[in-house]
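Here is the structure we will look at.
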């Protein structure tokens, strides 16, 4: 597959992922706000910190290494060896689950009985969710290797929507059993996820025209199998070694990405109630990272991994591909910086408003506002680290990944020391500060790696264009306008404060239209095709669909005058 097709697939994947995730996150945002108002902060912390930590840890250690390694393959591997390798993740999920159960039940301090008496059942249900999802890993990686861009976002979106709607419904009727119903909703979502992937391949295998494209011919080929004369199933040795490197790195990545949650539960630094407030703020503050940055990071990793070869110098790579990669990296990098600055500009003045709308005055008048503002600055580190590590992880060879693992060990120690020290003085704010220091060091290492790799090659992916004076003025004016609005309008009318912020955001978006032109036009194109499918080109029918009509006029307003 040529590099243009790979790039188009990566961009399409990121676009579909972003659009769908925005819709789903809006629904989740509303339903989670409902849950926050119906359960105690302590119960909310047990669900979203303690149990979710078990779930994310189990998935990362059971499937992440094999998934990353297989998605890095260039399509010339024997498919049965790849499938055998992926099934190892299911075997790994067994000891990982047993270890997780022991730690969560016998090492971590159990929550008080007045918070929940079904904590043990919740732990078991989360472990079952992990195993259920890992079982579907083979059809997942095959779908990704086939570049089915919509499959992942649709199935994972349905899973998340099912979980969120189910837990909200059950919490409404049984709020005192919120931890138990949280576990029930997770296992139901996992069953939907796994069954959807297998149903997809059953459907695809029944269509003869699709069989030609698939690397398998029948459903039983999704299961592990032994070669003739061998006792154990054979795996691809190159991908196996890479998986082992990623597996060792997975423990460190989990310590870094979920470090504050581990520290909260292993060290009595803040109470369960404070954990609940921090988790609400963390969920809201990292909304942009989950909506946009993670989708872009995943798509970029797939693009880099398929365009470049691990362990080869820039001079040994295809120079046409290098030019494309360098241009792509520089463009994504700069656009992420611009989006992060928008979040800072508006996040500072609307943190209090968002928290009050979301969880009530008990959130906005507490330390929550300061946490939310700090989280907005932390998003800049998340954005930059996401794209730089997507590149470095895609091109590092086994030895480089091993050295990077030792660096992550050191950074984990730095993070833990920084978090424990700073929380003694500034409370939960210390976690955000420690995360920022940690991300800053990881970004510095990625910059050093990329700079050394491209040194003397003539390509400069880290060189960014200076922002225009007009753009800087617009950012500054927007920041001052929203700050003044918070001081004078917010105490009198929250509605006017929000309206003014919305108008200011439209001005900033219009100013950024040329920087984001490729991405926005891709989104407009998808929405236009959707409108044609729904209503055709009939103007009478079009007039009844005002949102679609607005999108069409918005596209013409933003770009037609520039042609």
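The chain as shown is numbered from 1 upward.
Cβ coordinates come from backbone N, Cα and C, glycine included.
A TrEMBL annotation is a machine prediction, not a hand-curated record.
Going by TrEMBL, these are the annotated features:
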TRANSMEM  82-107  transmembrane segment
TRANSMEM  119-142  transmembrane segment
TRANSMEM  154-174  transmembrane segment
TRANSMEM  180-200  transmembrane segment
TRANSMEM  332-350  transmembrane segment
TRANSMEM  370-394  transmembrane segment
TRANSMEM  406-426  transmembrane segment
TRANSMEM  432-451  transmembrane segment
TRANSMEM  472-489  transmembrane segment
TRANSMEM  495-512  transmembrane segment
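Counted over residue pairs 6 or more apart, the CB atoms of the transmembrane segment (370-394) and the transmembrane segment (432-451) come under 8 Å in at least three pairs, which marks the two as touching. Note: the stretches the transmembrane segment (495-512) and the transmembrane segment (82-107) are not in contact (fewer than 3 CB pairs below 8 A, sequence gap of 6 or more). Residues of the same chain lying 6 or more positions beyond the ends of the transmembrane segment (472-489) and with a Cβ under 8 Å from any Cβ of it are 341-342, 345-346, 348-350, 352-353, 496-497, 500-501, 504-505, 507-508, 511. Listed as Cβ neighbours of the transmembrane segment (180-200) (distance under 8 Å, sequence separation of 6 or more from its ends, same chain) are residues 47, 51, 55, 116, 118, 121-126, 128-130, 132-133, 135-136, 139-140, 143, 151, 155-156, 158-160, 162-164, 166-167, 170-171, 174, 219, 222.
Against the transmembrane segment (82-107), stretch 119-142 has more CB pairs under 8 A than any other of 119-142, 154-174, 332-350, 432-451.
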